[in-house]
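According to TrEMBL, the protein has these features:
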- 48-439: domain 'Major facilitator superfamily (MFS) profile' (DOMAIN)
- 1-32: region 'Disordered' (REGION)
- 51-75: transmembrane segment (TRANSMEM)
- 81-104: transmembrane segment (TRANSMEM)
- 116-136: transmembrane segment (TRANSMEM)
- 142-164: transmembrane segment (TRANSMEM)
- 176-195: transmembrane segment (TRANSMEM)
- 207-226: transmembrane segment (TRANSMEM)
- 261-282: transmembrane segment (TRANSMEM)
- 294-314: transmembrane segment (TRANSMEM)
- 326-345: transmembrane segment (TRANSMEM)
- 351-371: transmembrane segment (TRANSMEM)
- 378-397: transmembrane segment (TRANSMEM)
- 417-435: transmembrane segment (TRANSMEM)
């Protein structure tokens, strides 16, 4: 269900940019951001904002199937294309690398064309890449189509918080929760339905992967008219307000000099590392402890599925807090509890440890919310989102590999779990810093 566009409790004690008024623990220095944000969002009609909300959900649903749908069919793809194990390994590690590389271009594109138009272009790239993969006659063509789709996903990852900040400045928490939940749904749907639908379509991997392009086409049908309307209305609002409200009318923010931006980048990277390790290694840890394979897979599904409802709830809670550090700490403590349980009694308490790790993985919607709240303007959110996600995904790349190397050299899971616990403790500390009520435009 889409959140109502009428006033809700979030806006009663928060400014439209997500900050709180001075009497509620807010920072007076954000008044300029509020003034800048209001004309742009007010330029959209209620109907257009509703359509934009639907578009955000559809866009989020399309930002994961290109990745999640490949894993279940990777063996068939390798056999069909004669793909080597080395190339297959490159393909599975490509998402994080592409997110780090291509996401950095999103702010510049948004300043030139507007975030809504660039997001529509990103969806077109995702859809085209998904449609071309089934037509690939060899490994090189398949990789090229995959990179095209991943480039679109990387751009969309960065710009989703920007669209929320710009067009829903009074709904940062609810809208972030809405599209975070859709991201989780897209991930779960790709993992759960790709193989059954492939069988229903005749058993060929090409149709099984290509069918997700239909979801992208549906999102484009919504985004193309919305992007046109947003660009027209934003231009009118910028001319009326002197250009302060638009991404394109605001000078670039130097986020590399901001301690808050670095804290968010490291926090993003550590939570992504924990999530990748959970997805990649939790079933094997449980199986090595004597848990049946089917049960281990079910426990992973439970851990990941828990993020669907929590991804909707947590951003709304975070948006009401002046300091999100305590919330980040609670999630990290859950992660530490899960790792401790896997160390001490992995099989006996498997359900409890999976639930704790599932809660801990909800640091992802939390960091997306904080990105939207740690900048005052759309340009600030664009720069911060690109920096935090680019830095974070680079940090996360070696995590799952390092866990595997430690397991191979020690013959057990104690050393990897000790490493993960240390990283989670660091996540707790840096999350406390990232959650402080600061704006990157102020140099904090």
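Placement of Cβ uses the backbone N, Cα and C atoms for every residue, glycine included.
Contact between the transmembrane segment (351-371) and the transmembrane segment (116-136) is not supported: fewer than 3 Cβ pairs lie under 8 Å, counting only residues 6 or more apart in sequence. Across the candidate stretches 51-75, 81-104, 176-195, 261-282, 294-314, the maximum count of CB pairs under 8 A to the transmembrane segment (142-164) is reached by 81-104. When each of 207-226, 261-282, 417-435 is checked for Cβ pairs under 8 Å to the transmembrane segment (326-345), 417-435 comes out on top.
Nonlocal intrachain contacts for the transmembrane segment (417-435), taken as residues 6+ away from its ends with a CB within less than 8 angstroms of a stretch CB, comprise 259-260, 263-264, 266-267, 270-271, 273-274, 277, 323-329, 331-333, 335-336, 339-340, 342-343, 360, 363, 367, 370, 374, 399, 402-403, 406. Sequence-distant contacts of the transmembrane segment (176-195) (same chain, six or more residues past either end, CB-CB distance under 8 Å): 2-3, 53, 56-65, 67-69, 71-73, 160-161, 164, 208-209, 212, 301, 304-305, 307-309, 311-316, 319, 364-365, 368-369, 372. Of the ranges 81-104, 207-226, 294-314, 378-397, the one with the most Cβ pairs under 8 Å to the transmembrane segment (51-75) is 207-226. Against the transmembrane segment (81-104), stretch 378-397 shows more Cβ pairs under 8 Å than any other of 207-226, 261-282, 294-314, 378-397.
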